[in-house]
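Enquirer: Please find one structure pasted underneath; my questions will follow.
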Amino acid sequence: MSILIDKETRVLCQGFTGKQGTFHSEQAIEYGTQMVGGVTPGKGGQSHLGLPIFNSVHEAVEETSADATMIFVPAPFCKDSIIEAVDAGVRLVVCITEGIPVLDMLEVKAYLRQHPDVRMIGPNCPGVITPGECKIGIMPGHIHQRGKVGIVSRSGTLTYEAVNQTTQMGFGQSTCVGIGGDPIPGTSFIDVLEMFEKDSQTQAIVMVGEIGGTAEEEAAEFIQSNVKKPVISYIAGVTAPPGKRMGHAGAIIAGGKGTAADKYAALEAAGVFVVKSPAEIGKGVAEATGWSTH
C-alpha cells in the first residue's frame with residue numbers, strides 16, 4: 001500500500017506544452033508514471049511527447065479515464081485550471097505553481113469543500129511520489145527508494161533532504177507529500193498524517209514544518225490523540241526574524257505567532273521526536289524507531 005497514488009494512477013498534465021509542463025512530464029514518463037495525456041487549450045488533437053493533447057480537462061478525462069492531474073499553468077490562471085479539473089471528475093489535483101493570489105485559493109478551498117471526494121495537493125509544492133510507482137511533480141526521482149517512511153513537508157528541498165537520508169539509511173519511503181509553502185494549502189499536515197496512520201506500508205512518519213501559521217501546532221494536537229506511529233519532525237526557520245517573509249508566502253512570523261520555538265514546544269509536548277538540524281532527520285528516524293541502518 002501507499003497513499004494517494006500508485007502504479008495504477010492515470011495522470012494528466014495541465015499546461016502540458018509549456019516549458020515546465022514538458023520537462024516534468026518527460027521526467028514522470030521516464031520514472032514510469034502512467035502519463036495519459038495533457039491539456040493545452042487551442043492545441044487539442046495534436047500530440048506531444050507521444051501523448052495526446054486535449055483542449056479541456058473534461059475532454060481529456062473522457063478520452064483517457066485520467067484520475068490525477070499535475071498543474072503547470074501560470075499563477076493567474078490556476079484557480080480556473082483547478083476548478084476545471086474538479087468539475088471534470090479528477091480525484092487528485094496536484095498544483096505546482098507558486099504565486100497564486102490568496103483570494104483565489106480561498107475560492108478554490110470553498111469549492112473543494114463542496115467536492116469532498118477530490119483531494120488537492122499544493123499549490124507552491126513539489127508534488128507527491130510513491131517510489132517506484134508514480135511521480136507527480138518536480139522532485140528528483142532517483143533519490144527515492146520504496147520503503148516504510150511516510151514524508152510530509154511544507155518545504156520542497158527539505159523534503160528531498162529527508163528522502164535522501166532515509167534512502168541512504170536503507171529505510172526508504174512509502175509516499176512523500178509536499179503540501180506546499182502557501183498560507184492556504186489544499187491539503188494539511190493533519191490530512192496526510194491521518195492517511196499515513198491508516199496506511200499499512202507506512203511504519204514511521206517524517207514531518208517537515210517551517211515558521212508561520214499554526215499548522216504544526218494543530219498537527220501536534222492531532223498526533224497526540226490520533227497517531228500511534230513514531231513521528232519525527234524538523235522545523236525550518238529557528239533564526240528567522242519576526243515580520244520577515246522567508247521565501248514562502250506562508251513562512252512569516254506575524255502577530256507573535258508562528259515561531260519555530262512555539263512549534264517545537266507543541267510537537268515535543270505531543271511526544272514527537274524532534275530534530276534541530278535537517279542533517280539529523282535520518283538519524284532521528286533511526287533513533288525514534290530503533291531500526292538498524294545499512
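Glycine is treated like the rest: Cβ placed from N, Cα and C.
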Enquirer: May I ask you to find which of K7, K43, K79, K109 Swiss-Prot records for the CoA site already listed with T17, G18, K19, Q20, I96, T97, E98?
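Expert: So, going by the record in Swiss-Prot, that would be K43.
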Enquirer: Ranking the recorded positions K43, H248 by other Cβ atoms within 10 Å, which is at the bottom?
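Expert: So among K43, H248, the recorded positions given, the one with the fewest Cβ atoms within 10 Å is K43.
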Enquirer: Taking the Cβ of T97 (CoA binding site) as centre, how many other Cβ atoms lie within 10 Å?
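Expert: By my count, 24.
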Enquirer: Tell me which of the binding-site residues T17, Q20 sits in the most Cβ-dense spot, judged by other Cβ atoms within 10 Å.
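Expert: Answer by Cβ density within 10 Å: T17.
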